[in-house]
Amino acid sequence: MARLHSHQVLFLLVLLPAATAVEYSSLCRSPAAAHDTGVRVSPLSLPWISTGHFSGSGAGDLNFAPGRYDKHAFTFSPRPSSATATDDPSTTHLSATLTLRGTRLTRRHGPRHHSVSFDLQGYYYHSTNATAAELCMVGSGSYAREDGSGVVVLSDVVLHLSVPSPSSLSKPFVTGSLKGAEFNHTALVAYAEDDYAYGQSGSCPESSPRGGGAREVLHDGWFSCRHLRAVIGSSYSVEYMPIDGSSGGGFPLRQRHGSMYVNQMRCDTNGAVRAYLVFFANQEDDAFPSTSYHTARRRWRRGFLVGDEALVADGFWDSSRNRLCLKACRVVVRSGESGGEEQLAVGECGIGVSFWFPAVWSIHDRSVATGMIWNASSNSDGNTSAGVISVSRTAWSYVDRLSGITYNYTRVEEAKKHYDSMSKLGKETTKGSRFPGNYSYRDFAFGFSLKEQGFAGFGYASPVTIGSALVEGQELRADAAFEAQHVNKQRLLNVSYSMQYHAANSPQLRRISAEGVYDTKNGTLCMVACQVIGNVSSDCEVLVTVQFAPMGGVARERAVGTISSLRNQSDPLFFKALEFIGDAGMSVNDRERSSSRMDMESVMLLASMVLSCLFTGLQLRHVKHHPEALPATSVTMLVVLALGNVIPLVLGLQDMYRDSLNLFVKLTSGGALEINEFMQRVSTLLALVLQLRLLQLALSRRSADQAAVKPEDSSSLSSSSLSSADAERSTLWICLPLYALGAITVFIGHLSDGHIGSFALPGPGIVDDLVAYAGLVLDGFLLPQVVWNAVAGSTPAVRALSPWFYVGGTVIRAAPHAYDAFRKRSYVPSRRASSVYASPRDGLFGVGWDVVVQCVVALLAVLVFLQQRLGGAFLCCIKRRRPGGYEMVSTPTS
């Protein structure tokens, strides 16, 4: 038998026939079986469990790896397939598929993904008087063998679940077990997702240990659970902060932890929020850094997590103070009676939890989201807590809105003194040299390698602020006067940086927060910094100096620098100076080629828009000399073309509005807006005006033709051929469903990429996908005309479109795809990864799309050419007679 690969396992499991189900009553004592009435019940009306956690000796029997191989990846996910009512109103008959996912050890490849699926049937019992609902299901399961030689069938499987009704702070979990003839008892636990009873509202303290205010993240007072879950749900670093000079006792948690994850969160529309917070020890940071946003997302996608300790909390979102205020109870992880089981028990409560979004950043705190955990009630001695746990998240993504953040420079003057002592302020490099401050703020970021031990250490440095501007992704968030006041005039700029690196002699990640001054004339950067190694207290007596290489020079390194200690050598925190070299990025030739490519793309984009205006003008000239062409022109095609020009204009206006609203400043070479962008907008607007004029002429002509048709002529016209309005209506009935089906396919494809779910992250992804799909529709702009010609049966005498119009338009739409294929082979990827021509906003690009689109648009052009010479319905071999005309027939002769 052929050997199966790992990616074929799921397909094999789907094709497996379910084993014969065992008798329900022999394995399930409760709930009792009831007579099935056959009336279907929506599974969505039943309590839903999206994911959970399993553990125990039964996991090993199912070939799952031991816990040391990432026990947090063990998840289970029940999927109800059908539900029917029974003669007992409290009992529902269910059919479902249960899938266990985790890791197993293979002899040849080590740890690999592993899954086991079960087909189950049983009964769900829920009484209004009961405190918990019961579910018991029986059936069989299967999983693929390690060597791919077949499957292992599991029999006599029984699933028990107890669902709290309603769930609450003291009863937040769904618990249960899974057992079969071939495997032992397996414990199941999940976070209850429905029917929750909130307790007393939590309260937030008046001040936070970090100080500073909170910025607004839910704009205009509109509560969005999805957005709140996206900006709060992630990984946080944990810091223990003793208060009032205490020794550090009285913390609300029993253990010391290095990271925290907001693993589950649910909300009500009135602003009520509940959450499940899980904590991990310090060594977790080595495998899962708390500063990694993408790592946090991967852990969230794994579902329900069981860590070393946890909290369950509920409360509310305080819109007046922009804070989440929760009251929490401690969750203890205990070992079950059988080996390997993990049971969650809710312990003491009276713990306060609060999250907010700092409005002021500094060298000591640059958290996108932060929070605190404290004892909200007195302990047994009547004393309040002597310590507070502070949590913070510094990694940010596109879901985080950094508007409203200001940076407070506190150590710039100290950095200036160190810079003056370097005696380089009066020196300049070669005349005409340009450094990152005068060229582009993106060039401030660089990767680097440490010189120690043969460049074994490595790291990355990126700017946080440049002057008063906050660096957000690929843009600067600043006031309108930033460019003139800071970049073009001031020589010394206040800057702040974030650096992280791995030293050769230590596996721990070292993080540096720095701020200081940058000399735009000679490319010298001098900063005072705070360094954190692991999760210990930071050392704020660190000096970082960097010398940038001139832009466009022949230097092999982009920057050279030093990280040194300002302490005395006798100080325990003193360390030897670390020299580093910044990577060169693209070579000089590659950088020049990339710059010339972008300039060429700007010219190509402008040329395509000018040609579009020219071809539309030639079509207007064509319909002026051939008035009969207007009624034979598809209005749907003209609308598609017009919308194709409206979309880039709307997106451009949206960018301009966002820039003015959020005070963005985009810097290009020299800091000025390129004239090409202005010319592109003008040419796009001109093309839109010409196409709207063409659309207006077509509609006016059709209205005039319909008004001129006599009532006695309309019946004969409808019986002999379709009118223009009827043909247009038929074209819409054919094209619109195709367009809608494509949009739905794009939307489903977007969702399948992980953009939805319990922890979906909102963002502009779906908008970008739909805009790209709109470009694909515009590529096939001739499709409505082809359909119109076929439906109306247009005669060869009527040539609706000028060859310049449909051939030129086809070339304009096909050219970006041909260029995209050429660009992938001929140009090295740019460090800025930007495309002006054939960009993702212009359509769907890729090896497959480039070939398909060019072939399809060429085919449509050929069809239009043949239809205008052989008749619209030539493909269907239909001969139509013109209304009011005659047809010659042959007569037999004697």
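Yeah, the Cβs are placed from backbone N, Cα and C, and that goes for glycine too.
Automatic prediction, not curation, is the source of TrEMBL annotations.
Database features, via TrEMBL:
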SIGNAL    1-21  signal peptide
DOMAIN    70-179  domain 'DUF2921'
DOMAIN    217-383  domain 'DUF2921'
DOMAIN    415-578  domain 'DUF2921'
DOMAIN    591-875  domain 'SWEET-like'
TRANSMEM  632-653  transmembrane segment
TRANSMEM  730-749  transmembrane segment
TRANSMEM  770-791  transmembrane segment
TRANSMEM  803-822  transmembrane segment
TRANSMEM  843-866  transmembrane segment
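Residues belonging to the domain 'DUF2921' (70-179) score a mean pLDDT of 86 in the model. Here the transmembrane segment (632-653) sits apart from the transmembrane segment (843-866); fewer than 3 CB pairs are under 8 Å, leaving out pairs fewer than 6 apart in sequence. Just going by CB pairs under 8 A, the stretch in 730-749, 770-791, 843-866 that sits most against the transmembrane segment (803-822) is 843-866.
Listed by sequence, the residues of this chain that lie at least six past the ends of the transmembrane segment (730-749) yet keep a Cβ under 8 A from its Cβ atoms are 634, 636, 722, 766, 769-770, 772-773, 776-777, 783-784, 787-788, 791.
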